[in-house]
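Accompanying notes for the structure given below.
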Amino acid sequence: MELEESGIREECGVFGCIASGDWPTQLDVPHVITLGLVGLQHRGQESAGIVTSDGSSVPKFRVHKGMGLVNHVFTEDNLKKLYVSNLGIGHTRYATTGKCELENCQPFVVETLHGKIAVAHNGELVNAARLRKKLLRHGIGLSTSSDSEMITQLLAYTPPQEQDDTPDWVARIKNLMKEAPAAYSLVIMHRDVIYAVRDPYGNRPLCIGRLMPVSDINDKEKKSSETEGWVVSSESCSFLSIGARYCHEVKPGEIVEISRHGVRTLDIIPRSNGDPVAFCIFEYVYFARPDSMFEDQMVYTVRYRCGQQLAVEAPVEADLVSTVPESATPAALGYATKCGLPYVEVLCKNRYVGRTFIQPNMRLRQLGVAKKFGVLSDNFKGKRIVLIDDSIVRGNTISPIIKLLKESGAKEVHIRVASPPIKHPCFMGINIPTKEELIANKPEFEYLAEYLGANSVVYLSVEGLVSSVQQEIKFKKQKVKKRDITIQENGNGLEYFEKTGHCTACLTGQYPVDLEW
């Protein structure tokens with residue numbers, strides 16, 4: 001998200017909650033949001049923030065933000081600052097080195113002519129530089145280097161056609177989506193509603209859940225008419241711990257209004273020139289938690305299929321299959337099942353060391369590798385290991401692991417990667433470094449096995465990855481359900497053919513939209 005940095009990029013989690021029925025509510029909104037953010041902690045570990053509101057005609061926004069993990073930022077004393085509240089939004093953030101500052105923590109809050117709004121954003125604007133200049137030309141100051149603040153200011157900026165006494169927030173959101181085609185998922189809070197917005201390409205994930213009465217949580221067959229509230233989240237994995245039931249994804253280009261009365265679709269903004277959907281395929285490969293649902297399929301299942309496809313494409317004579325824990329475990333199980341080899345653990349993980357890929361400093365990454373793994377040498381001494389990893393970005397993690405395994409008695413170590421080589425940076429919200437830093441673009445890639453110290457290295461093909469992701473997704477005509485609501489019938493794509501599509505730009509260099517740099 002940081003405009004001046006051309007290397008590592010952000011990956012964040014957004015969350016929102018609103019109580020149903022009469023207000024003031026008995027629902028503990030700040031705690032629900034906190035638990036939701038804990039469920040999204042893997043999407044960002046450097047800062048977190050929550051903004052709550054009582055939802056009155058002149059609402060008071062209560063804000064708390066801080067650096068660090070969610071549980072460190074939101075102590076019981078800090079949560080007291082967020083009461084009394086009937087709705088709120090939250091954010092957990094990853095940022096670049098030098099930009100990990102409190103001023104860049106989200107959600108952002110701005111005062112507008114028609115009251116305050118709060119915005120939390122996951123993604124990165126592909127035309128951020130141009131939009132920044134536009135705001136500055138109109139005399140709108142920006143206090144941070146984050147394009148999330150730009151989104152907030154663009155929403156606050158009154159469109160020329162809007163009258164002072166008739167704010168039209170849907171028109172403002174549509175204007176933003178026209179100005180910025182990608183990439184973002186947003187939660188926007190104004191007075192007594194939350195808007196959930198996904199860019200027309202659907203590049204970043206967003207879904208909606210229903211807070212159930214405690215007595216109904218574990219009864220999936222029971223169709224309770226009671227609803228304690230509604231939640232919106234980057235991933236569905238955050239729902240179980242708060243007693244929410246997954247409802248549906250926010251569609252690409254969809255603007256959803258969530259109020260105490262329910263959920264309704266206000267509009268769907270189409271993509272230009274009939275472009276396909278471009279959901280980030282790397283969410284399946286690495287970023288998402290395995291129990292999350294995208295496109296009506298579980299991430300774990302897709303990773304398992306990737307492992308099976310990898311076994312077809314890259315078999316090898318070996319004694320056992322193992323994994324670099326933990327995100328590659330489903331792929332390793334799929335590989336082992338397909339080739340008929342036992343799955344055996346060879347590494348144990350220190351769960352209190354952060355993921356090396358999303359720590360923004362090279363030295364922190366390398367130290368993380370050294371502290372992150374222990375070896376279970378009794379399981380593999382004298383044996384040939386097929387070690388499955390989900391991705392190799394720089395090669396900083398896998399090389400020390402191979403050395404560690406061989407020094408601990410492994411006869412051979414064959415690396416199989418359950419995704420294709422990453423060759424291009426992502427400019428749409430994922431932490432992928434510059435082309436020069438990527439191992440796939442270095443001269444050493446021609447002799448990668450020797451360079452890493454492995455006996456062999458083979459990646460899953462792009463075709464194999466896409467096939468594994470898409471094979472269970474149904475291609476069919478979809479009608480946007482009215483979901484107990486009224487949809488504005490404006491001929492704007494509310495009934496359309498929605499074929500699946502995935503962004504593979506980091507693998508192929510084919511970006512779904514033109515980049516403005």
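Using the three backbone atoms N, Cα and C, a Cβ is placed for every residue, glycine included.
Small disclaimer: the values here were computed from a predicted structure and weren't measured.
Listed in sequence order, the residues of the same chain lying 6 or more apart from C12 (active site, nucleophile) and placing their CB within less than 8 Å of its CB are R43, G44, H91, T92, R93, Y94, Q106, A120, H121, N122, G123, S234, G429. Per Swiss-Prot, active site, nucleophile is recorded for C12, and the stated evidence type is sequence analysis.
Summarising the environment of C506 ([4Fe-4S] cluster binding site), the number of other Cβ atoms within 10 Å of its Cβ, over all protein chains shown, is 26. C506 ([4Fe-4S] cluster binding site) carries a helical DSSP state (H, G or I). The [4Fe-4S] cluster binding site feature in Swiss-Prot is assigned to C280, C426, C503, C506; the stated evidence is similarity to another entry.
In sequence order, V285, Y286, R303, V324, S327, A328, A331, V417, A418, S419 make up the list of same-chain residues 6 or more apart from D390 (Mg(2+) binding site) whose Cβ falls under 8 Å from its Cβ. What Swiss-Prot lists as Mg(2+) binding site is S327, D389, D390, and the listing cites similarity to another entry.
If you look up Swiss-Prot, you'll see 12-261 marked as domain 'Glutamine amidotransferase type-2', on the strength of sequence analysis.
The N-acetylmethionine annotation in Swiss-Prot covers M1, and the record cites similarity to another entry as its basis.
Taking Cβ-Cβ distances under 8 Å and a sequence gap of 6 or more within the same chain, the neighbours of C503 ([4Fe-4S] cluster binding site) are Y201, N203, A278, F279, C280, I281, M428, Y511, P512. Less than 8 angstroms from the CB of D389 (Mg(2+) binding site) sit T323, V324, A328, I398, I415, R416, V417, A418, each of them six or more residues away in the same chain. It is C426, among the binding-site residues C280, C426, whose Cβ has the fewest other Cβ atoms within 10 Å in the structure shown.
Take the CB of S327 (Mg(2+) binding site) and look out to 10 A: across all protein chains shown you find 23 other CB atoms.
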